[in-house]
């Protein structure tokens, strides 16, 4: 069994949870354990149903890991919530094992379930990382140079210039924008972000619109976003930490960004009533284009760039998000048009898309970047046309006449000189009669000068808003433009570094506490079962509560037998006690100062796997190991009789075989402790009652019993 930690919750490492590691090490595969909870005489469909119920039952719920702080936004995909990583309770600790000692301290590190907080987390798959960029797939698309992808400065003539490293909060030292050290803000340790805050995106499951909801599977948008985000790793791309499945809904856990470009634009237009400072605007644009260059170098079209999808952290780092419409274009299984007939929000849609192009390139993303630049200047959408709605019957994409008119009013009427391939566009013939009536001149330079208070950067701006996609600059060409590399102010890694102190940032994102979904409310407490508990929740063997595990297991045993007596009480044959054997399923075995526990004979009854021994060497310390038991030739009558035994080794030779001597707790989180036996005289064995003589089930068996009841009915 590998010591790797898996997010599914099936396996644990020996250092993080010795008890769970000892238990799960008995099974080569989690499916083996699931199969043990399926009745032997069940049909194939019933067995599969039972297996799926068990699999869903042991899956860790979202709210067992995160606390919902409030609702952020919603869309056609679902809803987005702000969440905090749950902090485990601080148990009294002494010189514990390294795994338990580090468990409380390493909550935010995310090495187990949520991934590291750094944006350079190791990704799986074949997509490129910042240091593994391929050559250009065509003459019009160039791979991002390492100096650009890593964030190193690009000076005049493309020569890398020295740039100070970005703060440790980004998890990488290769995220700096070009420019000298005077233009980059060095973040101190007290300015590091809270790495325990996340954004949870809940996808609604696809369902048919009928009276009875029928789930059809995972949406295409969710599949794209999950598959791409798991592969990408870049400082200007939002990081996906974890994907969770619960109640037929998908939860994607992203790094949290406090701002977005739409929020910044709204704040300047309503509260400040002032334009965005040039230094801030240039830094935001450079980081945005840097992220787009990384996507294009990895053969990815974003296809939905707009201010609401461009996130910005409190440290002024741009994060491109929402890859629901993104697509690999290197070797598509079908044409781009057949997959999605309508892409890009209408105000940021390129002219070739508006004219029904069946094939398009990365130039559509660069047009969107130009539209975002214009919106940052004007504090309102640059081409705000009225969208024509799609006919629900024909599902045909309508012709967007008003949107094209808004573009022509600023860029002028297109012709073959400015766009040689315009007549080959599928919808050009239907648009041509409108063009002959309206002949507009190009007023882009005047539009730019009145909002930028000068012509600085107009050449780059004009190159992004070309009718002909072949004439638009690529992302890498834009990064090397003189407006970024030669003209002051230079872009910085922290876009907010030039803002006035001490409040060198923007207001935090609005968080709504009143949410329609009661399960996702901030005051909701999820029903966390024992197999959902974190290792430090389950037991701290070297703390002041060395027998906490026995307390939990005894409580679980009592609950199981109460349900069995209510449903179908059946007396079990009592097992004769032995001098050196554990007759009860929960008792003390002779330890005599050693963490190893002697062999416990299983006299009569079904065969059982090796029991789990909890030894104590110093009164308050403890260790866990696997104890072998004698195999019995009697056939197994009940499936739950194949579970491991639990024995507890005392410190002074005391042997307790009566499980009732271990007091139970009413709550898993109770602080009640159990005082170990310290008497030098061995405690005489007492006969165990029939219900308590059965196997202690280490997995929540209440659900299994309910399942059997349903099968009988």
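Every residue, even glycine, has its Cβ placed from backbone N, Cα and C.
Since the structure is predicted, the reported quantities are computational estimates derived from the model, not experimental observations.
With 72, 73, 74, 75, 76, 77, 78, 79, 80 listed by Swiss-Prot as binding ATP, the candidate from 49, 60, 201 annotated for that site turns out to be 201. If you take the C-beta of residue 72 (ATP binding site) and look for same-chain residues 6 or more apart in sequence within under 8 angstroms, you find 79, 80, 81, 82, 199, 509, 510, 511, 512. Cα separation, residue 76 (ATP binding site) to residue 304 (active site, proton acceptor), rounded: 14 Å.
It is 16 Å from the Cα atom of residue 74 (ATP binding site) to that of residue 304 (active site, proton acceptor). Scoring each of the binding-site residues (74, 76) by how many neighbouring Cβ atoms lie within 10 Å, the top position goes to 74. Counting in whole angstrom, residue 78 (ATP binding site) lies 17 from residue 304 (active site, proton acceptor) by their C-alpha atoms. The Cβ of residue 80 (ATP binding site) has 19 neighbouring Cβ atoms from other residues within 10 Å, across all protein chains displayed.
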